[in-house]
Structure formats: structure tokens, C-alpha cells
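Trainee: Structure below; questions to follow.
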Amino acid sequence: MKGLVIKNTGSWYQVKTDDGQLVECKIKGNFRLKGIRSTNPVAVGDRVQIILNQEGTAFISEIEDRKNYIIRRSSNLSKQSHILAANLDQCMLVVTVNYPETSTTFIDRFLASAEAYRVPVKILFNKVDAYDEDELHYLDSLITLYTQIGYPCFKISALTGEGVDAIREELKGRVTLFSGHSGVGKSTLINALVPGLEVKTAEISAYHNKGMHTTTFSEMFPVPGDGYIIDTPGIKGFGTFDMEEEEIGHYFPEIFKTSANCKYGNCTHRQEPGCAVRKAVEEHYISESRYTSYLSMLEDKEEGKYRAAY
């Protein structure tokens, strides 16, 4: 029997079978995906084969080939990865310039990982109703930056409804992963997009100005227009996984394009003479924040924080 994984609670997976049944499934202890050492070998969005047992539950026996997936390192020094979701048409990264602040480093690491696994990303700048003049000016500068690179950007307020209709249109006929820090308003936005869903939300911690985790597991919801949303737990940091040092620049489109003009084919864009990328940063054709994010990923790689999957 075949089906779609629509919910993952850690030890159990909820599968919607092709004939419409909802079946609670487990995986066998030795289940591994070839080439991936992951804390969750099965992810929401996976197409699977299941074997029913007498209790009405089932085992997942096989995963169909994935179109793509989004993966992050489980923790800073971990050799294992965590797959956020699989078989995506797009990601929507929900960010805020305050309450709490989403750093450009976090944004860039997420974008680089999505580039590596061929998942298009749209950036949703939420809480535009809450910002002062300086914050709105900074937000506009970020929108200019990421739009020029090629990432569609949207200004929204999940609270007031500003921009929500435009996002609703973008969901039609697509499987969309929603991701971002805790507290950026992801669950509030999903509730605004799909009335009646009532995904649990929480207030921002006033003491730390950080969000509190409300979604504790990944889950897929249908949306009007034959689309699906995958809601994931808020994440503090985004450790990219399974990237070789020489590949990292490939996942920054503007750095990759400019690197064709570097003197050396294996230029890492740090100290090498004749580096077109460094020159472009100095002349403000490449954003300094993007270049800083690129360097931080190289530095982490050198410190051994990025490990090849096996």
C-alpha cells in the first residue's frame, strides 16, 4: 500500500494512503537511507510503501525516490542531519527584522542549503505593522538585496492581514515548506492563510525577545487550490550539511556568477590574487553581508563542523 507522510511526531509517522486512509506507522530500527545519516530517515512529504499489521497500524517498508528535500545539521558538532521535509515545490522563509531579529547569516545559510538541494525559496518579511521608521528602512534594504539576487520577497503582517492574499495565491497547486526562527509569526501566518486550521501559537518571550517553540513536530496541511503547507518547528540556527568547501560558493548565485572572472579556477575568494569576488565586494556589486555569510560557512567547514553524510 502506498501513501504520503503528512505528520512526524518523532517515533510515529502519520501516512495518508492513496485511498484516503490515515494510518499510524513506525519504521524498523535498522531503517536507513543510502548515503544519508539522519535523525529522521523518513520526512513529511515522503511518498512511502507501507505494510499493514493486525493492530491497524503499519510499518514503512520503502521510500520512493525524492524530488528534493531540505536538510540541516542536527546540532553544531553533530555528524547527523535532520531532514525538514521532502518533495517540495517551494520554501517560504518567514523572517523578521525585530521581535525577534532574523540575522542575514541565518537567511543566507538557509538559502544556500535550499540552492544545494534545488528548492526555490521565497522570503516573507513578517510583522511589518510593528516596525519603526529605521526598521522599515532596513527591511526595504534587505528586500532590495535579495530581490536583486533573484529571491522573490513579500512584505506581510500575519496579524493585520497585509500581504496575506498574495501569499495565498502563491500556495495554489504547490507543496510549500514554511520555516524560520521561533517567534517570527509562522503559525499565526498559517492560521491567517487557512482559516479554521488553528495551529497553536505563542507569545514572544519579553525577557529574551525570542520566540517560544509552539510547533513541536512537522505536519502537512491541505490549503485551498490543491496546495499543501508543511509547518515545521522553529529553528534557532541553520547548520548546512554535506557541502564541500569548494562547493559553498556555488550556492550563492552572485558569488558563483562572479567567480568565473577569478584568476584561479579553485579560488576560495579569501586571499588569492586576482579574485573577482573580493573586488566585487569592495565595489559594492556583492553585498558585504552575503560575503560575510559565505566566509562564516567556510570557517565552520575548516573547524570540522560540516561533515560529509555517510
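Cβ from N, Cα, C; glycine included.
Since the structure is predicted, the reported quantities are computational estimates derived from the model, not experimental observations.
Grabbed the feature section from Swiss-Prot, which reads as follows:
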{"type": "DOMAIN", "residues": "77-238", "note": "domain 'CP-type G'"}
{"type": "BINDING", "residues": "N126, K127, V128, D129, G180, H181, S182, G183, V184, G185, K186, S187, T188", "note": "GTP binding site"}
{"type": "BINDING", "residues": "C262, C267, H269, C275", "note": "Zn(2+) binding site"}
Trainee: Which binding-site residues from the set C262, C267, C275 come within 10 angstroms of V184 (GTP binding site), judged by C-alpha positions?
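Mentor: Within 10 Å Cα-Cα: none.
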Trainee: Tally every other Cβ atom lying within 10 Å of the Cβ atom of K186 (GTP binding site).
Mentor: 28
Trainee: How many Å lie between the Cα of N126 (GTP binding site) and the Cα of C275 (Zn(2+) binding site)?
Mentor: 37
Trainee: If you measure from the Cα of H269 (Zn(2+) binding site), which of the binding-site residues V128, G180, S182, T188 is the nearest?
Mentor: G180
Trainee: For each of V128, V184, C262, C267, C275, count the other CB atoms within 10 A of its CB; which of these binding-site residues has the top count?
Mentor: V184
Trainee: Rank aside, I only need the closest one: which of the binding-site residues V128, G180, T188 has its C-alpha nearest to that of C275 (Zn(2+) binding site)?
Mentor: G180
Trainee: According to DSSP, does T188 (GTP binding site) sit in a helix, a strand, or coil?
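Mentor: Note: T188 (GTP binding site) is helical by DSSP.
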Trainee: Would you report the average pLDDT that the model assigns to the domain 'CP-type G' (77-238)?
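Mentor: Here the mean pLDDT over the domain 'CP-type G' (77-238) amounts to 88.
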Trainee: Once the DSSP letters are reduced so that anything not helix or strand counts as coil, what is V128 (GTP binding site)?
Mentor: helix
Trainee: Whole-number answer please: how many Å between the C-alpha atoms of G180 (GTP binding site) and C262 (Zn(2+) binding site)?
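Mentor: Approximately 34 Å lies between the Cα of G180 (GTP binding site) and that of C262 (Zn(2+) binding site).
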Trainee: So which other residues, same chain and not among C262, C267, H269, C275, have a Cβ within 8 Å of the centroid of the Cβ atoms at the Zn(2+) site?
Mentor: S259, K263, Y264, T268, R270, E272, G274, A276, V277, R278
Trainee: Just to verify: the residue among N126, S182 with the fewest other Cβ atoms within 10 Å, which of the binding-site residues is it?
Mentor: S182
